[in-house]
Amino acid sequence: MLIILKVCVLFLQVDLKDYMFSGLKDVTVGRLPGKVAGQQFLIQDCENCNIYIFDHSATVTIDDCTNCVIFLGPVKGSVFFRNCRDCKCALACQQFRVRDCRKLEVFLCCATQPIIESSTNIKFSCFQWYYPELAFQFKDAGLSIFNNTWSSIHDFTPVSGEHNWSLLPEDAVVQDHVPLPTTEELKAVRVSTEASRSIVPVSRGQRQKSSDESCLVVLFAGDYTIANARKLIDEMVAKGFFLVQTKEVSMKAEDAQRVFHEKAPDFLPLLNKGPVIALEFNGDGAVEGCQLIVNETFKGTKIFVSESKETAPGDVDSFYNFADIQMGI
């Protein structure tokens, strides 16, 4: 009974107006870190607005908005756009869905396959954003920065001979589409849109690969796994290679056998420590480049790296086929 009373009191203390923007026009509004704190949020009937939610939330619904800029911090569940047009967005979520919309530009981090329905001219790119609280908000929302299927779009209502969605140019500058806030209150959030500082690694996704050579790297759970993954990405990108895709997923012994083959026994003791992080790099010389960096920078740390240019495609296919099945993508 006491627990029920506490829940009721908490519910009564929540003012729903604090968790929605409705009927706004020609304004810049937002919520600072800590002000949403995992609640649901609603944005509706807004026009010519810049809206920034610098916090994590449970779900976000955006209805009937026109010509708006929208930034959403990590969303534990779904983000659902309905009847919107001419909007530019940057957001991270578990599920992303668009219905009855046209002319949206979305810089996206999504753990599952993004879905569009009865919509046209929807353009996607990889999420690219930083502010100091963002990494903790990803954890609070239960999202991994390495699980991002931003370019694997499923169109429920395809039209023969037409494309309802496309990818933004690879050189698209996020700040040109989703500008930083200009109000003094929101400028206090120390935002950066530089690719090198992005909390989510900037990947090429399903864009055409620049080379027929890829390399798979798998890092195993430990105190510095995320830091090591980021360092490896930075060094490979600095050498001119491209990050294609990333994944964080738990593996069992039988999974390791399928992916690592004869090397599996070397890694089996590490699987119980937590999820692995996989990275696919692309570019001429990617395998040798990766091996050199791993041997020089991560000496003494067990990391799987493709053995050769010839075996790497099989490594990539084996791992990501397993990971997609595991995550139900």
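If you go along the chain as it appears here, the first residue is 1 and each next one adds 1.
Just so you know, glycine gets a Cβ as well, placed from its N, Cα and C.
Taken straight from TrEMBL:
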type: BINDING; residues: G77, S78, Q94, Q95, F96, R97; note: GTP binding site
type: DOMAIN; residues: 4-158; note: domain 'C-CAP/cofactor C-like'
type: SIGNAL; residues: 1-16; note: signal peptide
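When Cβ atoms from all protein chains are considered, those within 10 Å of S78 (GTP binding site) total 17, not counting its own. All protein chains shown were included, and the count of other CB atoms within 10 Å of the CB of Q94 (GTP binding site) stands at 18. Overall, the recorded GTP-binding residues G77, S78, Q94, Q95, F96, R97 cover a maximum inter-Cα distance of 11 Å.
Around R97 (GTP binding site), the same-chain residues six or more apart in sequence whose CB sits under 8 Å from its CB are S78, V79, F80, F81, P114, I115, I116, E117, listed in sequence order. Same-chain residues that are not part of G77, S78, Q94, Q95, F96, R97 yet have a Cβ within 8 Å of the Cβ center of the GTP site turn out to be T59, V75, V79, F80, C93, C110, T112. Residue density at G77 (GTP binding site): 15 other Cβ atoms are found within 10 A of its Cβ, drawing on all protein chains shown. Residue density at F96 (GTP binding site): 27 other Cβ atoms are found within 10 A of its Cβ, drawing on all protein chains shown.
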